[in-house]
Amino acid sequence: MKVELPGCDGHGGPLYIGTGCFHRRESLCGKKYETGYKFDMKKRIEGKVKENGVEVWLSSRGRDYGVINPMSRLEIDLFCPERAAFLGIAPTTLAQMLVQHKRWAEGDFQILLSKCCPFIMGHGRISLGLQWGTPSTVYGLLIACQPCATLFYHPFTFLRALLCFQSPWFIPYAFVIVAANAYYLAEFMWRGGTLKGLSSSGFDVTAKVSEKDVSERYEKEIMEFGSSLSGMFTIIATLALLNLFCLVGGLKRIALNLVDSGFETMFLQVLVCGTAVAINLPVTSHTKRRRKKMGLDTYVRIRIMDFIITTISRRLDLIEAELLDQHIQRVPAALCYITFIVTTLRVYCRYKDELPCIDIFVCTADPKIEPPVLAINTVLSVMAYNYLPEKLSVYLSDDGGSDLTFYALLKASVFSKQWIPFCKKFNIEPRSPAAYFSTTESKCASLDPVLSQESAAIKKLYKAMEDQIETATKLGHIPEHTGFSEWASVTSQRDHQSILQIIIDGRDSNAVDADGCALPTLVYLSREKRPNHPHNFKAGAMNALLRVSSKISNGQIILNVDCDMYSNNSDAVKDALCFFMDEQKGDEIAYVQFPQNFSNLTKNDIYGSKMDVITKAELPGCDGHGGPVYIGTGCFHRRESLCGKKYETGYKFDMNRRIEGKVKESVNELEETSKVLANCTYEEGTQWGKEMGLKYGCPVEDVITGLSIQCRGWKSIFFCPERAAFLGIAPITLAQMLVQHKRWAEGDFQILLSKCFPFIIGHGRISLGLQVVYSIYCLWAPNCLPTLCYLILPPLYLLKGIALFPKITSPWFIPYAFVIVAANTYYLAEFMWCGGTLKGWWNDQRAWMFKRTMSYLFAVIDTAFNLLGLSSSGFDVTAKVSEQDISDRYEQDIMEFGSSLSGMFTIIATLALLNLFCLVGGLKRIALNLVDSGFETMFLQVLVCGTAVAINLPVYQALFFRKDKGRLPISLAFKSFILALLACKIFLY
């Protein structure tokens with residue numbers, strides 16, 4: 001007011017601030033200023049008449065009321081007399097001030113984004129200085145966008161080792177901080193301010209009155225908060241407490257010498273964070289100490305603590321939380337758990353009588369590689385969900401058509417009458433019996449004698465059931481039982497009729513557990529298969545389940561899990577419903593995808609199965625573009641979206657409507673009428689596999705189905721809770737991992753080459769960002785080509801003494817060095833941030849190299865053959881069981897090769913030996929000075945070749961040194977040796 005606006009006089013005058021302003025009527029009514037214009041003060045105003053005793057202004061311009069055009073070339077002057085011309089009422093509460101400034105900033109920002117932007121409208125009409133001085137420019141760019149700059153200085157966004165005192169780069173930071181603040185302080189004091197008044201603001205004429213106690217606190221310079229703007233105050237208080245917590249924690253780390261160079265390194269961060277804490281002292285006093293009307297209300301405090309505790313506790317897991325005091329860790333963890341309980345209970349209690357029915361699909365395909373015991377443990381874990389049992393139905397799809405799987409499910413249905421009440425009585429986790437007894441049963445005795453006693457009794461029942469199932473599996477036949485007559489007509493797993501049995505009927509009042517509580521519905525299904533009809537693998541099984549379940553239970557929400565993916569969190573179903581039942585965005589959600597976690601991973605994850613970077617960074621990032629891909633398991637679906645319904649604006653999910661198709665037939669009648677829906681001829685002439693259900697014709701039916709759902713207008717959510725919702729079994733041999741990734745890469749590559757290419761099918765339907773996300777995974781397979789080039793060409797040219805890259809002394813070496821260092825440093829930092837280890841990162845690099853040189857290569861070849869009609873796509877089920885010695889080697893981080901995939905392993909061994917031969921030969925040529933400039937010229941090729949040799953150390957051990965069954969066969973070693981040697985000889989000559 002005393003500096004900026006008076007300074008505008010030299011550029012054409014200040015802005016109009018809405019009050020205390022004398023206007024020339026002609027300018028206000030739209031007249032343009034013209035050179036030579038003279039104002040005649042003696043001239044009477046035209047059109048001044050009297051009508052009914054009232055003077056009316058009849059100027060033609062005066063009738064058109066509107067906003068004055070600031071570009072009319074009329075100059076404006078600011079006059080600031082010694083004695084103030086006008087006095088108003090300044091805001092007496094923080095809420096008044098914030099609302100006032102929000103309106104100003106919003107209006108100025110709207111001008112900036114409109115055709116009235118000063119640089120557009122004022123170009124050639126007003127001076128450049130006035131264009132910059134116009135508030136829509138300054139306030140729009142700086143004030144409205146200031147939250148972005150403010151949040152940039154959030155303590156977490158700084159690098160850990162920002163400039164220290166001794167660094168020369170500290171000087172510009174110090175200069176900017178000191179100069180900017182000293183200049184503003186001098187300017188403020190020159191205008192007549194006080195040292196404490198640095199945080200005062202302008203006036204607001206909106207509110208003219210306040211309560212007496214509010215006025216008294218204002219006169220005492222006590223900031224007024226209250227509860228009128230809980231949203232804004234939540235942000236203020238959250239940032240204040242966040243900076244306070246981070247400052248205390250950071251100073252503690254410095255005091256305990258947990259940071260290199262301590263205070264010198266972290267000085268600027270301490271300064272920024274400490275300044276924020278000092279500025280926010282009135283906020284923290286309101287949050288913690290003051291309890292009168294002007295303090296923050298309880299609701300705001302709860303929201304603040306919820307956000308702060310969640311954020312801090314998550315960050316503690318990522319920044320060496322184990323080094324901090326254990327008592328400090330327990331408080332956030334406990335409060336986070338309370339917050340989680342409150343959130344789920346809110347939904348559960350609010351909609352308890354209106355909660356949707358849920359159908360759970362558990363899929364298994366082969367009892368030899370997916371043992372029946374494994375499948376029933378998953379079934380039991382989801383039957384024990386903390387959910388209304390009368391609204392829960394579990395379906396086991398046995399695509400192997402095995403009577404052993406059916407027998408195991410019958411036994412599990414009996415055991416569930418004891419297991420489910422035991423789980424809910426003691427609230428145990430996980431609720432897979434095998435997982436529970438193997439991980440937590442030993443702790444029960446010391447914690448709770450009652451739990452220990454009942455746990456021992458339940459374990460005895462489980463072991464008896466498990467022994468019966470395993471005995472039948474070893475014998476290859478089962479005891480006589482009603483219901484097994486169905487298998488008399490079964491010719492083979494690929495040739496049998498539909499087999500359907502409702503083992504537990506949730507409608508039956510007698511279907512209760514040991515405590516008299518209702519049991520979930522339990523259904524066994526083995527769809528019809530005939531040799532002359534395609535069965536479409538897992539997609540066909542899922543579509544059969546969709547149709548059969550629509551007849552029996554018709555749940556509005558569907559969860560599908562693989563048979564090895566047991567439930568690790570009994571409240572995961574409530575977490576998913578929080579998204580589906582959200583009042584604002586829930587209606588547009590098609591599916592909620594949980595991450596694929598594993599229970600058998602070793603610390604250093606030798607096969608790179610964890611994929612934490614994908615599940616903790618990439619897939620959560622998809623939420624901002626429309627949602628993640630569907631990964632085939634651990635996913636809650638909305639039945640309507642999975643059955644082909646398009647999302648339309650305004651669609652509302654009616655939770656109160658009754659489930660259509662709820663029947664009153666007897667169990668036998670219902671079984672017979674439902675079997676027809678699982679026949680292999682039912683889909684002929686229908687849209688199943690095309691527009692309805694999961695799509696056919698692709699090895700990754702899940703990815704292409706998720707893409708088609710999102711192209712129909714639906715959104716999806718990726719949710720990664722603190723406690724994993726599902727735990728599966730990761731591959732424990734290299735062959736299993738390679739076959740799995742070969743199927744994934746082949747299916748994604750087929751999508752890329754089909755009409756379902758994301759940039760084609762998704763154009764105008766999904767966001768560009770989501771199209772890019774799908775394309776990244778579709779391009780996995782072609783990655784084999786550049787990888788093979790780098791593993792073959794640089795080593796061979798190194799052996800021959802021909803340089804492919806610039807010398808170290810060349811300036812062209814810099815971009816190569818930058819890419820190598822930056823890419824690997826970034827990925828290492830990302831991997832460590834996601835909870836990995838340094839050795840785990842190295843194992844992950846090896847796994848990716850093996851995938852690219854074998855899985856992806858064979859995926860490209862098979863896709864080419866498929867397009868040429870020389871072969872058809874298959875679906876290889878990943879084995880879930882292995883021999884004991886293989887499991888022992890896996891736990892010791894010893895890579896398992898064997899002889900199951902001789903073709904792929906021949907490629908691995910040949911490339912490993914080729915790089916070894918070329919590295920030795922190339923170093924020999926450099927040592928004998930047979931290469932110009934020697935090491936300088938060949939450095940990058942030595943680096944590439946040496947890295948390949950280091951990554952392949954387990955391959956050399958398996959070729960020459962190991963004696964166990966997991967080594968590579970001697971015949972394969974001999975063949976690879978000859979191929980690598982021939983390649984070197986042929987290239988040299």
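Backbone N, Cα and C define each Cβ position, glycine as well.
Range with TrEMBL annotation transmembrane segment, chosen from 84-105, 370-391, 854-875, is 854-875. Of the Cβ pairs linking the transmembrane segment (772-793) with the transmembrane segment (968-988) and spaced 6 or more residues apart, fewer than 3 are under 8 Å, so the two regions do not touch. The local packing around Lys538 (Mn(2+) binding site), expressed as other Cβ atoms within 10 Å of its Cβ over all shown chains, amounts to 22. If you measure from the Cα atom of Asp702 (active site) to that of Lys538 (Mn(2+) binding site), you get 9 Å. Counting only same-chain residues six or more apart in sequence, the Cβ atoms lying under 8 angstroms from the Cβ of Asp562 (Mn(2+) binding site) belong to Val362, Cys363, Thr364, Thr378, Gly632, Thr633, Gly728.
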